[in-house]
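Record features, source TrEMBL:
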| type | residues | note |
| --- | --- | --- |
| TRANSMEM | 20-42 | transmembrane segment |
| DOMAIN | 34-288 | domain 'G-protein coupled receptors family 1 profile' |
| TRANSMEM | 54-73 | transmembrane segment |
| TRANSMEM | 88-110 | transmembrane segment |
| TRANSMEM | 130-154 | transmembrane segment |
| TRANSMEM | 174-195 | transmembrane segment |
| TRANSMEM | 231-251 | transmembrane segment |
| TRANSMEM | 271-291 | transmembrane segment |
Amino acid sequence: MACNESNHSNESSSPEMYLIIWLAFPLSTVIILANLLIIIGIIYNRKLHNTPNYFFLSLLFADLCTGLALPFIPSMSLERHMKFSNCLILHIVPNFLLLSFLFNLVMVHYERYFCIVHPLQYSNFWVHRYIPLALLTVWILPLLYASLPAFGWNKISPNQSEDCFYKYIFPREFIYLEVYGLLIPAILAIIFMNVRVLWITRSQVKDICKLHRSVQRDEPSDKEHRMNMRYAKCVAVVSFIFIVCWVPYIVYVNVSIIALWESSTEPKTHIILSCTGIGSMAVIPVVLGFGNRQYTKPIRKGLRKLWDRCRKGNGTKDVTNVEVVLD
């Protein structure tokens, strides 16, 4: 959510709008296309029609919607002239999509975390038994919270002119509650679940290595080396996702909160931070999707068929050219 002040008029916002176009639209296009490819791969692979992938599909759809809303989020820092109803929609819809993405991401991590930590109780897990209820939860709760300004929690006065600015829609208390009551706890929960899973995996790898050595009674084998390498790759991937995807978003959120206390701030700084922060966070489902070869199997098959057809077409042309030369 945008939390940056701007005291400039609509006439002076053209450079900022050009910056939004050059930064947000390419990121939005990449996020939308990547999510569409993974969604198609899951839908066309019937083996992937199970509980974990239903939640992952919901996350991909939320990420796709976040990509659609990405160009509108930086523009919240620009003061414009429009009707109050249009201003509400312009601020509430992107905020709702961003919150629903974060809720879906927490649900996906929580479902996989419970499956790993409590595998014997997973079949009785409420998320596993009541899939529609869980999916409704991660969409309805963000919608209810994001819609609070439309039900009166805003700073629009009766004599307010038709100026659209985020400070008129989102009170300071609303922003603080969203950031420190929803966003930061959700990020910390995701980090905790990832660290917990890696810790459990490390202890299991150590136990397997001990059993293997007690049976073989020799030096560490190639299997142990491969297991340790896989674990190291997992740690590297999780660290990479945190540094590249989460750190820019955390910086953006904290800078935006600090900007609430500033009397004058640079809108271009907010645009750059919002595009990079939200764009990097929206890349997380794409990284998880392309990291699973099952999700991209139909796409790889289609590209392989297209490549074979192109090669066959070029081959037939070469053969005909050779025959013409020989004649």
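Keep in mind that glycine also has a Cβ here, set from the backbone N, Cα and C atoms.
Where the annotation comes from TrEMBL, it is an automatic prediction and has not been curated.
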If we skip the immediate neighbours and take only residues 6+ beyond the ends of the transmembrane segment (20-42), which ones have a Cβ under 8 Å from one of its Cβ atoms?
48, 53, 56-57, 60-61, 63-64, 66-68, 70-71, 73-75, 271-272, 275-276, 279, 282-283, 285-286, 289-290, 294-299
State the non-local partners of the transmembrane segment (174-195) in its own chain: residues 6+ outside its ends, Cβ under 8 Å from one of its Cβ atoms.
1, 3, 95, 99, 102-103, 105-106, 109-110, 113, 145, 148-149, 153, 238, 242, 246, 249-250, 253, 257, 260
